[in-house]
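The structure appears below as structure tokens.
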Amino acid sequence: FMLNDTQMKPTVFLLTGIPGQEAMNLWISILFFSMYVISMLGNSVILFIIKTDLTLHEPMYIFLSMLALTDLCLSISTMPTILGIFWFNSREISINACFVQLFFIHSLSFIESSVLLSMAFDRYVAICNPLRYASVLTTPRIVRMGLAFMVRGVGLIFPLPFLLKRFQYCRDNVLSHSYCLHQEVMKLACSDITVNSIYGLFVIVSTVGVDSLLILLSYMMILRAVLSIASREERFKALNTCVSHVCAVLLFYTPMIGLSMIHRFGGSSSPLVQILMGYVYLLVPPLMNPIVYSVKTKQIRARIARVFFRRQG
């Protein structure tokens, strides 16, 4: 019985790269490594510029630095296992390491969702109530919001590793991604997963669900305020300040909601679609956010150009 019990509890999970594409592993690893380098470089540059330029110590840029920091941490939390598979075919991950990784991935994802909501609130106040902007978004209030995001993200995910740890894992211990997700690990348990399933759904609805609805509501109010502006040029100028944020919202929520739906309801969907959606969800937002904000935000673009050309000179 003791022997059976130890056999029922594997000490490792096996991660998966892109099945059927093993011959392409070198090229895929070069692509992913390039994406990581650009993500980390881009987000580090954004953080450096906002920290060193006193003119950028405004609410909008403080929120942007929170987004860059979250993206940086998200890249760091997934990089070792993803590159380990494609570089060294290192597929094994211990159960405890897997639980730690999924804790960071989910916590940081929900913190990013909160930051995107706060950025929508920033745009709403700036456009709908510009005279109160400075009094509403004070630095102490922004710091409190940042701490609240962290507490919410970490607090909601904190129970998950412990809920997973109590299970017996007697099924096939192969995960379908190159990193650990709660929905995936939960399905490998041979115990009753009802509590995990309900709690996981509650967490998704109370974070991503609520945040995305509030972002949508804020943009409906922004649109109503913008349409009441008489001058066409002013209308365009007001909407233009929202473009970067709208891109960041779509880049984050579309793959995240898609992946969550596939895991919960897409039993018949192609495994390749699920795997590729997983890579898009974790690799694309940290890669694209600094690029979008650098291209669309005049102050950051000018500061990057100034730093670059000064170094060239």
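Every residue number used here counts from 1 along the chain in the order it is shown.
Yeah, the Cβs are placed from backbone N, Cα and C, and that goes for glycine too.
Annotation comment: TrEMBL describes 26-50 (among others) as transmembrane segment. Residues of the same chain lying 6 or more positions beyond the ends of the transmembrane segment (26-50) and with a Cβ under 8 Å from any Cβ of it are 17-18, 56-57, 61-62, 64-65, 68-69, 71-72, 75-76, 79, 82-83, 86-87, 279, 283, 286-287, 289-291, 293-294, 300, 303-304, 307.
What TrEMBL records for 42-293 is domain 'G-protein coupled receptors family 1 profile'.
Annotation source TrEMBL lists transmembrane segment at 62-87 (among others).
Through the fold, the transmembrane segment (99-121) approaches residues 60, 63-64, 66-67, 70-71, 73-74, 77-78, 81, 93, 142, 145, 148-150, 152-154, 156-158, 160-161, 164-165, 179-182, 185, 203, 207-208, 211-212, 214-215, 218-219, 245, 248-249, 252-253, 256, 282, 285 of its own chain, all at least 6 residues removed from its boundaries and within a Cβ separation under 8 Å. Residues or ranges marked as transmembrane segment by TrEMBL: 99-121 (among others).
Summarising the annotation, TrEMBL assigns transmembrane segment to 142-164 (among others). Residues 59, 62-63, 66, 99-100, 102-103, 106-111, 114-115, 118, 182, 185-186, 189, 195-196, 199-200, 203, 206-207 of the same chain, all 6+ positions outside the transmembrane segment (142-164), place their C-beta atoms under 8 angstroms from a C-beta of that stretch.
Note on the transmembrane segment (198-222): residues 106, 110, 113-114, 116-117, 120-121, 123-124, 127-128, 152-153, 156-157, 159-160, 163, 182-183, 186, 238, 242, 246, 249, 253, 256-257, 260, 264 of its chain, located 6 or more positions outside it, place their CB under 8 angstroms from a CB of the stretch. The transmembrane segment annotation in TrEMBL covers 198-222 (among others).
Counting residues 6+ beyond its ends, the transmembrane segment (243-266) has Cβ neighbours under 8 Å at 67, 109, 112-113, 116, 119-120, 123, 181, 183-184, 201, 204, 208, 212, 215, 219, 273-274, 277-278, 280-281, 284-285, 288-289, 292-293, 296-297 in the same chain. Marked as transmembrane segment by TrEMBL: 243-266 (among others).
Per TrEMBL, transmembrane segment is recorded for 272-293 (among others).
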Exercise for review: Please give the average pLDDT for the domain 'G-protein coupled receptors family 1 profile' (42-293) in this predicted model.
Suggested key: 91
